[in-house]
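Asker: Let me begin by handing over the structure; questions about it come next.
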Amino acid sequence: MTTRMIILNGGSSAGKSGIVRCLQSVLPEPWLAFGVDSLIEAMPLKMQSAEGGIEFDADGGVSIGPEFRALEGAWAEGVVAMARAGARIIIDDVFLGGAAAQERWRSFVGDLDVLWVGVRCDGAVAEGRETARGDRVAGMAAKQAYVVHEGVEYDVEVDTTHKESIECAWAIAAHVVP
């Protein structure tokens, strides 16, 4: 089967966004990219502090409420509909719930051919990137570095601790079925 979607999972500052841009460059066909960060940015600001939305704790923790979950589900269904209509889709996500988050995605994608990719990065390295970026809550990268991978099954895993995004993209691209 032809790969219709590539779903990358990794903690904050693991290097997913850079890999996505490199994948778009190295893959011969056009691939659309969507990330959980852009979903959050598309939501009204009140969703970023409301009890039912998404909350970023001072220690780097993230709490997800039912209103956020509902909108996230609608977003995922829309993205999957584009893949079913013929678009090739790359998803940049953070599976805060580990295996449960992957199962939610599985329920949306159904029988689509998906390449599941784990993007790992040492917690201390991710934390250093987080500090350099300056646009994340301190502690988020360290908290997410390992927990997002718990119980998740991948077709491909890459580690950005010592590898550049382009190297990781080439490794992932080798598993994409045209």
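Sequential numbering from 1, following the chain as shown.
Keep in mind that glycine also has a Cβ here, set from the backbone N, Cα and C atoms.
According to Swiss-Prot:
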type	residues	note
BINDING	Gly10, Gly11, Ser12, Ser13, Ala14, Gly15, Lys16, Ser17	ATP binding site
ACT_SITE	Asp37	active site
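Explain the structural surroundings of these features, please.
Answerer: Long-range neighbours of Gly15 (ATP binding site) (same chain, six or more residues apart, CB within less than 8 Å of its CB): Val119, Cys121, Arg129, Thr160, Ser165, Cys168.
In the three-state DSSP scheme, Asp37 (active site) is classed as helix. All protein chains shown were included, and the count of other CB atoms within 10 Å of the CB of Asp37 (active site) stands at 15.
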Asker: For Lys16 (ATP binding site), what is the secondary structure by DSSP, using just helix, strand and coil?
Answerer: helix
Asker: Cβ within 8 Å of the ATP site centroid (Gly10, Gly11, Ser12, Ser13, Ala14, Gly15, Lys16, Ser17 excluded): which residues?
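Answerer: Leaving out the recorded residues gives Val94, Val119, Cys121, Ala126, Arg129, Ala141, Thr160.
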Asker: Which has the fewest other CB atoms in a 10 Å radius around its CB: Ser12, Ser13, Ser17, the listed binding-site residues?
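Answerer: Output over binding-site residues Ser12, Ser13, Ser17: least Cβ neighbours within 10 Å is Ser17.
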Asker: Using Cβ-Cβ distances, find the residues under 8 Å from Gly11 (ATP binding site) that belong to the same chain and are at least 6 apart in sequence, listing them in sequence order.
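Answerer: Counting only residues 6 or more apart in sequence, the Cβ neighbours of Gly11 (ATP binding site) under 8 Å are Val94, Cys121, Gly123, Ala126, Met140, Ala141, Lys143, Gln144, Ala145, Tyr146, Val147, Val148.
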Asker: According to DSSP, collapsed to three classes, what secondary structure does Gly11 (ATP binding site) have?
Answerer: coil
Asker: Which chain-mates of Gly10 (ATP binding site) that are at least 6 residues away have a CB under 8 A from its CB, listed by sequence?
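Answerer: For Gly10 (ATP binding site), the qualifying residues are Lys16, Val94, Gly118, Val119, Arg120, Cys121, Val148, His149, Thr160.
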